[in-house]
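Chemist: Sharing a structure with you now.
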Amino acid sequence: MDLETGAYAHAAEKESLKTVLILAYQSLGVVYGDLSISPLYVYKSTFAGDIQHSETNEEIYGVLSFVFWTLTLIPLFKYVFIVLRADDNGEGGTFALYSLLCRHAKISLLPNCQVADEELSTYKLEDPHETEAGSKVKGVLEKHKILHTLLLVVALIGTCMVIGDGVLTPAISVFSAVSGLELSMSHHEYAVVPITCLILVGLFALQHYGTHRVGFMFAPIVLTWLICISAIGLYNIFHWNPHVYRAFSPYYMYKFLKKTQRGGWMSLGGILLCITGSEAMFADLGHFSQLSIKIAFTSVVYPALILAYMGQAAYLSRHHTISGNYQIGFYVSVPERLRWPVLGIAILASVVGSQAIITGTFSIIKQCTALGCFPRVKVVHTSNKIYGQIYIPEINWILMTLCLAVTVGFRDTKRLGNASGLAVITVMLVTTCLMSLVIILCWHKSALLALCFILCFGSIEALYFSASLIKFLEGAWVPLVLALIFMSVMYVWQYGTIKKYEFDLQNKVSIKWLLGLGPSLGIVRVPGIGLIHTELVTGIPAIFSHFVTNLPAFHQVLVFVCIKSVPVPYVRPEERYLIGRVGTKEYRLYRCIVRYGYRDAHIDDHEFENQLVFSIGEFIQSERKNTHVSDDFSQDGKMTVIGTPGRENIGSYEEDECMQSASTSNIRSPVIQSIHDIMETHSPELARRKKVRFLLPDSPEMDPSVRAELQDLSDAKESGTAFILGHSYVKAKKGSSFLKKLVINVAYDFLRKNCRGPSTALSIPHISLLEVGAWRCVSWIFDHGLGYGFVSLLSDLPIFLSPLFHPPSTEHLTPFLLWCITALV
């Protein structure tokens, strides 16, 4: 499916039974990989020191009872029957719940929110009627600003724990699978850790190929694994203890806690690993459907897991003389003849489970970046047909490094289980807290029902959370430290971004100043289109005045472009663009707001440029039809929704390669001519790139002024497009506290210099990019051209020196030569 429409294409279709079953089959490899491999380490982590397996079997029956009811209450009742219904236009996850709350109550911290965003079809509320309890809760949330921050922090905590789970799940899954060598090799202690590390390195090294290539065998592997553990479980039940089903009685949980007391309570941290991966059912909802996920879990995954745990318990209930903690595990219950084949299937299944959480980590970081809560990173869409398959190189190698460090550092299932358990249960607690608010504010149910929900599931999860937290020194500190690091990064970035936006908002240029420049803006207008990127949705950015007061010329068509995210998963193409006019018609100044959801894929620069120009053309033609739009400059801020244009009114065709030189402007400066020669010499594929030309319709009914404006737009497009990007530096003002200086001057400045720049994040071609630099403080701004050039040189030095360390290619050589020319000029 197309990236532009893939996010919601399947949601609009009426699913047939065949489609649902196919999606249910595919979800086995994507959603349930992590949950399916939990039998590898649950019993081993539970009996790793806190309790002992005695001949009365009270411990093993108690653990089985806890596993059965935990799997039944949390994944089945909570997620399948309740949480899956809290989707955000078909999307799930922590940010889906947070975006739902932001739409039903004004608690969003996004700085550039507009009233027009509430008119999006994916933003509109299905049931606007509120209950009395919902009105009271909404009023309290909207009144206190600290609650806005608290809700965002809660959502970010869940996000950080998911990232921590992306580090811990591959480690414990692969390590537990490879640990089967303990029963098959004499010197297993020298082989388990190296083999685990080798598999992990291979897993992360293959991520750049994309899920559609790496994971084409995911569903068959997981299905084979589930069939395997089900068959082994049935064999053990009938062969060793057919009466093991009696452990389903909650009475065995009571006997277990009564006998083991504090040791039994601490062992709950190992039991909760049986629900590892349950959150994926909700987080990956956007790739499938509610019905398909429910069918896969209730008909395949849930029965297979119950049989697997029952089989292990049946085997252990008849084997009490084996010493050694490692014998309380999965492989000891596997018949000896099947251990090697099962070991191979288990390793493949652990890789599948690890792949699922790694992909989920990429997705959730992309969402954080879209909402301004994480530094800009390179997002690679590995498939142009399957939505949601992305790869983030920086995050991939960070995860691999941390995963290897945890594996080598711990080297046992107990501490890895303690760390993974705390991360898993924290995410579930966050989901429970947010769901209680969704029940009141979004579903408009009674406060009593929300209270019952949080008491029922929250008390269970709180019990497991306390059991995991008590093992802080035995491995549980790892997810907390990772969460603290990522939370600090997110807070610093979000705080610095908001402060910079507030400064831009306070220092924007007035319309009166623009009117004083005259129709030509007081400067020479040269052919072409100038796209001025800004985060402001109203007003003229201060960087524009900084530019026009230092340069004698500007483009004949200027467009203030704001690319913003809205708290919805996706924006339909027909609602993506908001077009308006800045000043009078003679100015040829426009404002374009491009809206993306937190799971939308940004189109490439060439297609974006074409769609932007088409949208402006549609706006010019439809302006006369809209009575609310006039020629008066006071109408700045009045925007018109223009979707992905149908191109009925402005024709287009692709030029032949031989026409490229003729299509460019006849007026070329020596510098521009030199740059063009460099492009033709070192990047012929870029010079021969197909170009779209716009033709005006031969309609005698068209207004002459509209035709003239469209002609100017068409001529400007043929002359070329330049991207003007404000490059700012934020500094804390004098007299600020030490903490603010540390956050802004050190932490935020470090992140800004070492993360992807705006031009890279927006996919702006280097040949068309012009950056304007200025220092920005909390309360004032002053120009600093020399400082900008020096710091820009240092920050961009690794990019431009890359040809010295890698074979030269047109990809690196062209920007390097262009930078040299610019530096000399």
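Placed from the backbone N, Cα and C atoms, the Cβ positions cover glycine too.
What TrEMBL says about a protein is an automatic prediction, not a curated fact.
Note that this is a predicted model, so its numbers are computed, not measured.
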Chemist: Can you say which of 95-115, 263-283, 767-787 is given as transmembrane segment in TrEMBL?
Modeler: 263-283
Chemist: Taking a Cβ cut-off under 8 Å, which residues six or more beyond the ends of the transmembrane segment (146-168) line up next to it in the same chain?
Modeler: 94-95, 97-98, 101, 107-109, 140, 279, 283, 357-358, 360-361, 364-365, 368, 373, 399, 402-403, 406, 416, 419-420, 423-424, 426-427, 430-431, 433-434, 478-479, 482-483, 486-487, 490-491
Chemist: Is the count of Cβ pairs under 8 Å between the transmembrane segment (218-238) and the transmembrane segment (422-441), pairs 6 or more apart in sequence, 3 or more?
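Modeler: Result for the transmembrane segment (218-238) with the transmembrane segment (422-441) is no.
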Chemist: With pairs closer than 6 in sequence left out, are the transmembrane segment (386-410) and the transmembrane segment (263-283) joined by 3 or more CB pairs under 8 Å?
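Modeler: In this chain the transmembrane segment (263-283) does not contact the transmembrane segment (386-410) - fewer than 3 Cβ pairs sit under 8 Å.
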Chemist: Apart from its near flanks, which chain residues at least 6 from the ends of the transmembrane segment (476-493) lie with a Cβ under 8 angstroms of it?
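Modeler: For the transmembrane segment (476-493), the sequence-distant neighbours (Cβ-Cβ under 8 Å, at least 6 residues beyond its ends) are 153, 156-157, 159-161, 163-165, 167-168, 269, 368, 372-375, 402, 406, 418-423, 426, 468-470, 743, 747-748, 751.
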Chemist: Could you pull out which residues elsewhere in the chain have a CB under 8 Å from any CB of the transmembrane segment (295-315), counting only those six or more residues past its ends?
Modeler: 20-21, 24-25, 27-28, 31-32, 35-36, 38-39, 42-43, 60-61, 63-64, 67-68, 71, 75-76, 80, 223, 226-227, 229-230, 232-237, 239-242, 244-245, 247, 274, 281, 330, 332-333
Chemist: For the transmembrane segment (60-81) and the transmembrane segment (448-470), check the count of CB pairs under 8 Å (sequence separation 6 or more) and say whether it reaches 3 or more.
Modeler: yes
Chemist: Report, as numbers and ranges, which residues of the same chain sit near the transmembrane segment (188-206): CB under 8 Å and 6 or more residues beyond its ends.
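Modeler: Beyond its ends, the transmembrane segment (188-206) has Cβ neighbours at 170-171, 174-175, 178-179, 181-182, 214, 347, 351, 354-355, 358, 396-397, 399-400, 403-404, 407-408, 411.
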